[in-house]
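Asker: Input: one structure, supplied below.
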Amino acid sequence: MNSKIIEAFFIVALFTTSCLAQAPAPSPTTTVTPPPVATPPPAATPAPTTTPPPAVSPAPTSSPPSSAPSPSSDAPTASPPAPEGPGVSPGELAPTPSDASAPPPNAALTNKAFVVGSLVAAIIYAVVLA
């Protein structure tokens with residue numbers, strides 16, 4: 001009788017191992033990461049200008065004035081990007097807080113079902129082999 005119980009235990013152990021190996025794995029939990037925020041580039045600092053020494057002789061007035069732009073007017077300024085319009089933005093593809101508040105699927109019930117099924121099978125094997 002003792003060997004039959006051990007034999008039933010091994011059969012049930014093999015059955016349980018088979019059932020648990022085929023059990024669906026719990027779904028991985030996803031963490032919601034905020035979308036990356038683009039930081040504006042630092043503002044360009046104007047280059048220090050040196051004052052030219054005073055001219056000894058006046059410049060001729062017949063030459064046209066130089067049309068070189070001043071460095072302060074062409075200095076790039078940091079500005080936020082313009083809105084793209086009614087197109088789909090990356091923010092719309094991200095999950096909303098209502099999606100994040102949904103509870104994750106419970107895989108414990110699935111594993112409990114396999115454990116209960118294994119116990120029922122163990123009882124049946126014990127009754128049949130006894």
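For all residues, glycine too, the Cβ spot is worked out from N, Cα and C.
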Asker: Annotation 4-hydroxyproline per Swiss-Prot: which of the candidates PRO36, PRO58, PRO97 has it?
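Answerer: When Swiss-Prot is consulted, 4-hydroxyproline appears for PRO36.
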Asker: Based on what Swiss-Prot says, identify which of PRO28, PRO46, PRO83, PRO90 is the 4-hydroxyproline one.
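Answerer: PRO28, according to Swiss-Prot.
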Asker: If you check Swiss-Prot for 4-hydroxyproline, which of PRO35, PRO40, PRO52, PRO80 comes up?
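Answerer: Candidates were PRO35, PRO40, PRO52, PRO80; Swiss-Prot attaches 4-hydroxyproline to PRO35.
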Asker: Of the residues PRO26, PRO42, PRO105, give the one that Swiss-Prot describes as 4-hydroxyproline.
Answerer: PRO26
Asker: What residue among the glycosylation sites PRO35, PRO36 has the most other CB atoms lying within 10 A of its CB?
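Answerer: That would be PRO35, with the highest Cβ count within 10 Å.
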Asker: Pop the Cα-Cα gap between PRO35 (O-linked glycosylation site) and GLN22 (pyrrolidone carboxylic acid) into the table, whole Å please.
Answerer: 37
